[in-house]
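As given in Swiss-Prot:
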type: ACT_SITE; residues: 20; note: active site, proton donor
type: BINDING; residues: 28, 102, 124, 125, 126; note: substrate binding site
């Protein structure tokens, strides 16, 4: 059995295979997932697993140098944004933050190596995580 925190084999595999600047999208239950992009569906029920708990587990294995978020998060879910930034800080990361419209965000998800769907049901609980390097 794995000794690290992240136990989902599919998600752990995707993290291990992506290179520098490649991306993984973490999303709420409602974000449309484009065909052709690998879907890792963790959603079990409304609110489970949460966006933040899943992000915390991902950050235990993935070095992130940049994040992309929809700018609308500030008007509709500022608390989640602040909690997300605290998680990056807890993992000793200070990624560059790129803000785009929600429409552009959805377009950018097409370039993700994988999209991880959570059971989160709060607005704009979505982030594109761009991989950094550990050296």
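The backbone N, Cα and C atoms fix where each Cβ goes, glycine too.
Cβ neighbours within 10 Å of residue 102 (substrate binding site), excluding its own Cβ and spanning all shown chains: 17.
Binding residues for substrate (28, 102, 124, 125, 126) extend across at most 13 Å, taking the greatest CA-CA distance. A sphere of 10 angstroms centred on the C-beta of residue 124 (substrate binding site) encloses 23 other C-beta atoms. Counting in whole angstrom, residue 126 (substrate binding site) lies 21 from the residue listed as 'active site, proton donor' by their C-alpha atoms. Other residues of the chain with a Cβ within 8 Å of the Cβ centroid of 28, 102, 124, 125, 126, the substrate site, are 27, 30, 31, 70, 72, 73, 77, 105, 122, 123. Sequence-distant neighbours of residue 28 (substrate binding site) (same chain, six or more apart, CB under 8 Å from its CB) are 51, 117, 118, 120, 121, 122, 123, 124, 125, 126, listed in sequence order.
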